[in-house]
Amino acid sequence: RHNPRLRRSRILFFISGVLLCFVYTLTLKAKLSQLPASAGADRGHHEVLEVRVRELLLAPNETEATAPESTQPPLLIVVNRTDIEQCVYVDPLPPKPPPTTPPVTTSPPSHPPGLPPHRKGDYPEDLFSIEQRRQGWVVLHILGMVYIFVALAIVCDEFFVPALEVIAIKLDISDDVAGATFMAAGGSAPELFTSLIGVFISHSNVGIGTIVGSAVFNILFVIGMCAIFSREMLRLTWWPLFRDVTFYILDLIMLIIFFLDNVILWWESVLLVLGYVSYVSFMKFNPQIEQMFKGQLNKHTSIVKVWSAEEPEKVSSNSGLMWAEGINLLPSIKHHALRGSSASLHNTSLRNTIFQLMIHTLDPLGEATEGGSEGSDGSSEEESGNKESSEPSDSDEDGEKVAEENEEEEREPLSLEWPDTPWKRATYLFLLPILLPLWFTLPDVRNATSRRFFAITFLGSIFWIGIFSYMMVWWAHQVGETIGISEEIMGLTILAAGTSIPDLITSVIVARKGLGDMAVSSSVGSNIFDITVGLPIPWLLFSALHNGDPVVVSSNGLFCAIVLLFLMLLFVIISIAACRWKMSKMLGLTMFVLYFVFLVLSVLLEDRILTCPISI
């Protein structure tokens with residue numbers, strides 16, 4: 001007979017074992033039910049529960065491999081809930097830090113090659129879709145850009161620059177300071193407004209690209225074309241070129257250093273503006289500093305021979321800037337040479353405006369002219385004849401009269417008279433949509449009765465330049481989006497050339513009249529305004545409106561483009577100095593070729609086809 005106590009003990013032990021297994025099974029079930037919730041709450045932490053089941057187990061890796069796009073957690077199938085050997089809970093991985101918000105940038109995001117850039121910037125919706133533009137309607141945008149280039153040249157030459165001349169006269173500013181400030185602003189207004197639009201509207205580096213591309217265009221293309229189309233070898237006055245290039249090199253070094261970290265801080269913009277202030281201050285005392293500097297050079301005869309490289313009679317007939325020698329010069333030559341020492345070509349009476357060239361002149365290079373250009377050609381013939389003569393004669397008075405006639409002709413107001421030839425009439429009708437709005441909204445200060453309204457002309461010209469610049473950048477963006485290139489490349493190439501072509505034409509005309517040193521000096525001097533005002537002023541405004549935030553200027557090829565500009569500037573000044581401040585046609589052709597080499601390299605760097613060897 002079995003002991004009843006032993007039987008009861010066995011029954012209680014069995015019941016206790018069953019209860020323990022039941023409790024353990026419930027605990028495991030609770031943990032398994034928590035797994036989907038935790039996986040759905042934080043799927044990126046890879047929380048893993050390893051369970052070994054005797055009958056069937058689907059591993060999480062295999063489940064993820066078979067259904068990578070599934071939004072449901074991996075399923076674990078258990079056949080026998082009570083037949084579990086081992087359950088191990090693995091702690092989740094530490095959470096990943098949240099992604100940091102990138103700073104505000106003005107550079108476009110990278111896009112795959114062959115695809116158009118992402119639509120960006122505060123532009124209105126285009127009338128044509130990108131598919132329609134690729135079918136041929138983009139030609140309208142290209143023609144519109146060309147038309148805007150002409151409009152910008154007309155508003156600057158016919159209204160903005162004359163208003164600035166009146167302001168300079170009212171403030172009693174010398175020619176040197178006026179050339180470095182007001183006249184430089186008149187010639188570089190499109191680049192300045194393009195930079196403003198790039199920072200605040202298009203949110204891209206189109207302004208930087210336009211200014212850098214325009215600088216290279218002026219340094220290489222304009223100077224090279226002046227040398228190629230000049231009637232004789234250009235003999236340059238060394239002091240204006242040496243002075244402007246020195247300031248320009250210092251400003252470029254600052255810009256390159258500030259570009260190294262891909263951001264422009266507010267104090268870096270202030271330093272660039274201070275570079276412009278120092279240049280204007282230098283121009284205020286330019287005659288005194290020039291006389292003192294040349295006086296020091298006179299103590300070293302060898303240096304003077306190398307830097308001047310001209311006999312006294314050639315100096316007296318060409319440069320007109322030997323202050324200490326007391327040479328008697330022709331008044332007209334002296335007048336233009338002194339004006340040529342300033343930083344801009346826009347304040348000289350020899351400069352023909354685009355409207356005058358398109359309407360009143362058949363030969364833009366000055367071979368033969370008619371209409372309103374007869375006086376200027378007469379002056380060039382008088383000057384060339386006087387230059388050949390090494391002795392003063394009675395023609396001095398004729399030179400004075402010619403110079404006065406040129407000044408009076410330059411100050412003639414804009415005329416909308418109907419031309420007399422079919423070609424001029426067609427050109428007149430082509431320009432009429434530009435001329436009429438400007439004629440009705442802006443007083444022409446070259447007219448004596450309208451001179452008192454110079455402030456209205458000044459502010460109204462700024463308004464029209466802003467409108468035209470906006471349309472130019474907008475249509476350039478549409479063209480770039482259609483053919484798949486960035487706004488930076490458009491700025492380096494098309495916009496830079498388009499905004500500088502008017503100065504190219506007038507510089508070549510002045511060079512053919514025997515005053516190439518004015519054109520060369522102006523090409524360098526206008527770039528100083530672009531680097532020290534056109535770039536930092538929009539950056540300063542951006543930092544002021546965004547609580548001092550820096551402006552991000554990172555770009556694939558712009559940094560290397562600035563370095564290339566610096567190297568080519570050194571090449572130009574060293575080459576001209578080595579040629580004893582003379583520019584032959586071969587040197588001009590070399591600079592012409594170098595400009596296209598710069599364009600090709602800049603485009604390849606911006607499109608990442610080439611890698612910039614200088615890492616930033």
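Glycine is no exception: its Cβ is also placed from the backbone N, Cα and C atoms.
Lifted from TrEMBL, the feature list:
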type: COMPBIAS; residues: 92-116; note: compositional bias 'Pro residues'
type: COMPBIAS; residues: 391-411; note: compositional bias 'Acidic residues'
type: DOMAIN; residues: 142-283; note: domain 'Sodium/calcium exchanger membrane region'
type: DOMAIN; residues: 455-603; note: domain 'Sodium/calcium exchanger membrane region'
type: REGION; residues: 91-123; note: region 'Disordered'
type: REGION; residues: 366-417; note: region 'Disordered'
type: TRANSMEM; residues: 12-30; note: transmembrane segment
type: TRANSMEM; residues: 137-156; note: transmembrane segment
type: TRANSMEM; residues: 207-229; note: transmembrane segment
type: TRANSMEM; residues: 241-260; note: transmembrane segment
type: TRANSMEM; residues: 266-285; note: transmembrane segment
type: TRANSMEM; residues: 453-477; note: transmembrane segment
type: TRANSMEM; residues: 489-511; note: transmembrane segment
type: TRANSMEM; residues: 523-544; note: transmembrane segment
type: TRANSMEM; residues: 556-579; note: transmembrane segment
type: TRANSMEM; residues: 586-605; note: transmembrane segment
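Packing against the transmembrane segment (241-260) from elsewhere in the chain are residues 268, 271-272, 275, 278-279, 282, 286, 290, 343, 517, 520-521, 524-525, 527-528, 531-532, 535, 553, 558-559, 562-563, 565-566, 569-570, 573, 576, 581, 616: each is 6 or more residues past its ends and has a CB under 8 Å from a CB in it. Beyond the transmembrane segment (207-229), the same-chain residues lying 6 or more positions past its ends with a Cβ under 8 Å from any Cβ of the stretch are 191, 194-199, 365, 487-493, 495-497, 499-500, 503-504, 507-508, 511-512, 516, 519-520, 523-524, 526-527, 530-531, 534-535, 538, 553, 555, 558, 561-562, 564-565, 568-569, 572, 583-585, 587-592, 594-595, 598, 602. Residue counts for the domain 'Sodium/calcium exchanger membrane region' (455-603) under DSSP (helix as H, G, I; strand as E, B; rest coil) come to 124 helix, 4 strand, 21 coil.
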